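Read the structure below first, then the notes.
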Amino acid sequence: MAGQPKELDRLMRERLLETARAAAAHAYAPYSRFRVGAALLFEDGSLVTGCNVENVSFGLTSCAERNALFRSISERGAVAENGEQRRILAVAVTNLNNMASPPCGACRQVMAEFAAPGAVVLFPGETAHGVEIVERKLEELLPYGFRLDGV
Ligand code: THU
C-alpha cells in the first residue's frame, strides 16, 4: 500500500485543476479575453470555484480566486459546522489561454486570510521547460503579507 497517499494526492491535484479549468469556461472576460478559473479545496473536502468577472470600467474587474473565496463565505459562512474557521488546503488557478498565470498579489493576501498552514497553490508558471503547472506554498508566494499583530 506504500505510495497510495501520493496517488490520492495526484488525483486530487488533477481534480482541482480540472475543476478550475471548468470554472474558467464561465469567465466573463470580453476585454482581456483572458479567462481564469480557480478551485479552492477546503479542509472538510469541499471544493468551491470562481471565475474572473470583468467590467467595462476596467478597474472593477474581479479575479477568479477572490470570487471563489467570497462565494464560499457568502454561501455558507466563514465558520464550519465544528465551530472553526473554514481553511483552504489547496488552490488551483488556471486559464484557457495556456499562459502563465500565478495569482495576483491581492488574491494572495485574500487567500492567506483563510489558508491552513502549508496550503499550496497550483498554477501555470513559467519554467525552464515552458509553461507548466507549478506548485508553491502560499507562504512562499506571500512571504510578508499584511497582518494586524494582536488581532
Ligand atoms: N485575473 C484573475 O482572475 N486572477 C488573477 O490572479 C490575476 C488576473 C484576471 C483579471 C482579468 O479579468 C484578467 O485576468 C486579465 O488580467
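The backbone N, Cα and C atoms fix where each Cβ goes, and this holds for glycine too.
Automatic prediction, not curation, is the source of TrEMBL annotations.
Features reported for this protein in TrEMBL:
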- Glu65: active site, proton donor (ACT_SITE)
- Cys63, Cys104, Cys107: Zn(2+) binding site (BINDING)
- 11-149: domain 'CMP/dCMP-type deaminase' (DOMAIN)
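Neighbouring residues of the recorded Zn(2+) site, listed in sequence order and excluding Cys63, Cys104, Cys107, comprise Ala64, Glu65, Arg66, Pro103, Gly105, Ala106, Arg108, Val110 (Cβ within 8 Å of the Cβ centroid). Put plainly, the recorded positions Cys63, Glu65, Cys104 were compared by Cβ crowding within 10 Å, and the winner is Glu65. The distance from the Cα of the residue listed as 'active site, proton donor' to the Cα of Cys107 (Zn(2+) binding site) comes to 6 Å. Residue counts for the domain 'CMP/dCMP-type deaminase' (11-149) by DSSP state, with H, G and I taken as helix and E and B as strand, are 42 helix, 46 strand, 51 coil. Here Cys107 (Zn(2+) binding site) comes close to Cys63, Glu65, Arg66: these same-chain residues lie at least six apart in sequence, with C-beta atoms under 8 angstroms from its C-beta.
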